[in-house]
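Reading through the structure tokens given below for one structure.
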Amino acid sequence: MAKKPSAPNNSKPAAIHDQKAIRGNGGELHQIAEGDTPVLTTAQGGPVADDQNSLRAGERGPTLIEDFHFREKIFHFDHERIPERVVHARGYGAHGFFETYESLAAYTRADVFQRAGERTPAFVRFSTVAGSKGSFDLARDVRGFAVKFYTKEGNWDLVGNNIPVFFIQDAIKFPDVIHAVKPEPDREFPQAQSAHDNFWDFISLTPESMHMIMWVMSDRAIPRSFRFMEGFGVHTFRFVNAKDESTFVKFHWKPKLGLQSVAWNEAVKINGADPDFHRRDLWQAIQSGNFPEWELHVQLFDQDFADKFEFDILDPTKIIPEEVLPTKPVGRLVLDRMPENFFAETEQVAFMTQNVPPGIDFSDDPLLQGRNFSYLDTQLKRLGSPNFTHLPINAPKCPFQHFQQDGHMAMRNPVGRVNYQPNSWGEGPRESPMKGFRHFASEEQGPKLRIRAESFADHYSQARQFFISQTPPEQRHIADALTFELSKVQAPVIRERMIAHLLNIDETLGTKVGHALGLKVMPKPAEAAVATRQDLDPSPALSIIERGPKRFEGRKLGILATDGADAALVNALIAAVTEQKAAFELVSPKVGGFTASDGKWIVAHQMLDGGPSVLYDAVALLPSAEAVADLLDVATARDFVADAFAHCKYIGYAGAALPLLQRAGIAETLDEGTIELTDAESVASFLKELGKLRVWAREPSVKLK
Ligand code: HDE
């Protein structure tokens, strides 16, 4: 039986302690606050009497169409979603500022680069590419790194990735590469994965993607955090100064805390343990006041350098190694504020490569040229109105005035008679040849044709250069990633075609992956338009391990502790980690916490099942001698230790933890990364080691894949 509807009441529940009555779902009244709590209204502003029961004919009868409040509420709910982005659907954003180091007036008239120390508000959105909005964070994928600078001369969007090259050379191939990587259309799987036939079929038929494939199969595609990855503008852009002189420029973001990635086996487990691992990481860092920071670097060069450089600077599948053309730091980006509302800001933010202020211009890179068309369309589709610039996240923060008007959801409407120019009324804005954007007057001529320039034809040399620039563990990871991905490809012909390409990149790599896949006969190397150059020097700047941090700062230690845990050790660890500006979490059999050896109660952050070691950069094991016995038969406790060891993490342990190490199967193989913690001094040396992040020397013995 339905409960009898109770008397209307207009109060919204206030803070629990001053409530007088609240209506339950059955309509019954509980005590809630009275007085000045605002009255719930409809979207039209009408006060609502009852938000718990729809209008019915009779106590148990049908719902009445007359119930405009119910209709409005459900109607609005039904329209809460907008189309997710066709690529980069899963993203996470934050606000911050860009601070210019010095005037770059010699190169660019862009206002944002004129005055040392000036701060420009910015919004950044990080993303994965292939997965849908609800997919997991640790997919093997490229990460978007899109920055909106709200400059005094309009918005500048630097819509980059964490990888400096791309799969294709011409924008006309973009729908193909994206169709190929997305779930296959007849079955709608796999989600957020490149490990399937369609993707590798396309790639194996597209030699220009080989350089990108090396990056995507490297640890760059499984970053530990947005905070520890680089960003790149990818294309060559132009700076243009007040004299209308152009300098080519490539943009790089470098994380202050150094680069770091996770292991593939770890990524797979993180996706189960915490699919929001990256967004939670950014959220926690910013909320705790540890604002992530990147330096903006530029590579500047002129036409002469471009003509002499061994690859075409318009080809987005090529880089200019930093050892050939050093980068110059020009400013820093600090993220210090989370959005107040995810939808309003992160979901509705509209980045567009064509948003450039005077002083920044495009090159003829055919991928960039195509992007400049695409982004406007996508915003109209997603946001539903040409007035998407009226949304606060997209509106410029500098004064702006124009005669664009009307359309769906127009929020800013012209006042007065004049909505055109020129006009005789002497009103309204006029164009300014001096202040306005002047496109760089590059000389362009040639026949109209569909052709790929000869200078874009070398597809293997820089792929090889990337591979030989990696440290041995990183090279192993590339081979393992290729083996894993191709093992998910069912058609042998696709696997073989890929091995044929790999043989062109590096014979040992191709052979290793071919053997690991169980190929009986090695294919011939793929036919190459241009033979792979063997003379390019390795570029150490391309290695994550070379660019890793020196300290544990910004990382997280997982401390497994039980009742009776040595209080002095727990406290020493917490103090040392905090001193390094790192974070920690206490993992205990019960989330409520544990009683340490000094009788004090310590609250835990996670129960054992909720805090597997994959969520931490290093672990410390501090069970008491009494409690350790209870952990030996617990699978999650054994996994906590065994995974940390297999993922080559540093493990600090109290003597009482030895039976657990034994049970996890690692007691016989303790190495320099497993450090006994006895006192504050050993804690200090443990912390010092942690800055190295991983014990890669252990990897061959644990056969981490
Ligand atoms: Fe994008 N890309 N893209 N892209 N892209 C989009 O715009 C496109 C490319 C990148 O956080 C879309 O708002 C084409 C390269 C980022 O909101 C769309 C081509 C790079 C983001 C689009 C490319 C990027 C996007 C989808 C080939 C690195 C997310 C939703 C010519 C330099 C921005 C949207 C955010 C988003 C088109 C290639 C980066 C469809 C046609 C290369 C970071 O407009």
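Cβ atoms are placed via backbone N, Cα and C, with glycine included.
Nobody curates TrEMBL annotations by hand; they come from automatic prediction.
The feature active site is assigned by TrEMBL to HIS88, ASN161. For ARG85, ARG125, PHE174, ARG371, TYR375, ARG382, the entry in TrEMBL reads heme binding site. Annotation comment: TrEMBL describes 41-429 as domain 'Catalase core'. For 1-27, the entry in TrEMBL reads region 'Disordered'.
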Separation of alpha carbons, ASN161 (active site) and ARG85 (heme binding site) (Å):
16
Measuring Cα to Cα, how many Å separate ARG371 (heme binding site) from HIS88 (active site)?
14
Helix, strand or coil for ARG85 (heme binding site)? Use DSSP.
coil
Heme site span - longest C-alpha distance across ARG85, ARG125, PHE174, ARG371, TYR375, ARG382, in Å:
21
List the residues of the same chain that sit at least 6 positions away from HIS88 (active site) in sequence and have their Cβ under 8 Å from its Cβ, in sequence order, or write 'none'.
SER127, THR128, VAL129, GLY144, ALA146
Out of ARG125, PHE174, TYR375, ARG382, which of these binding-site residues is nearest ASN161 (active site) by C-alpha distance?
ARG125
To which of the binding-site residues ARG85, ARG125, ARG371, ARG382 does the lowest count of other Cβ atoms within 10 Å belong?
ARG382
In sequence order, which same-chain residues at least six apart have a C-beta under 8 angstroms from PHE174 (heme binding site)?
ILE168, GLY370, SER374
Three states by DSSP: which one describes ASN161 (active site)?
strand
Cβ atoms near TYR375 (heme binding site) (within 10 Å, other residues, all chains):
16
Taking the Cβ of ASN161 (active site) as centre, how many other Cβ atoms lie within 10 Å?
24
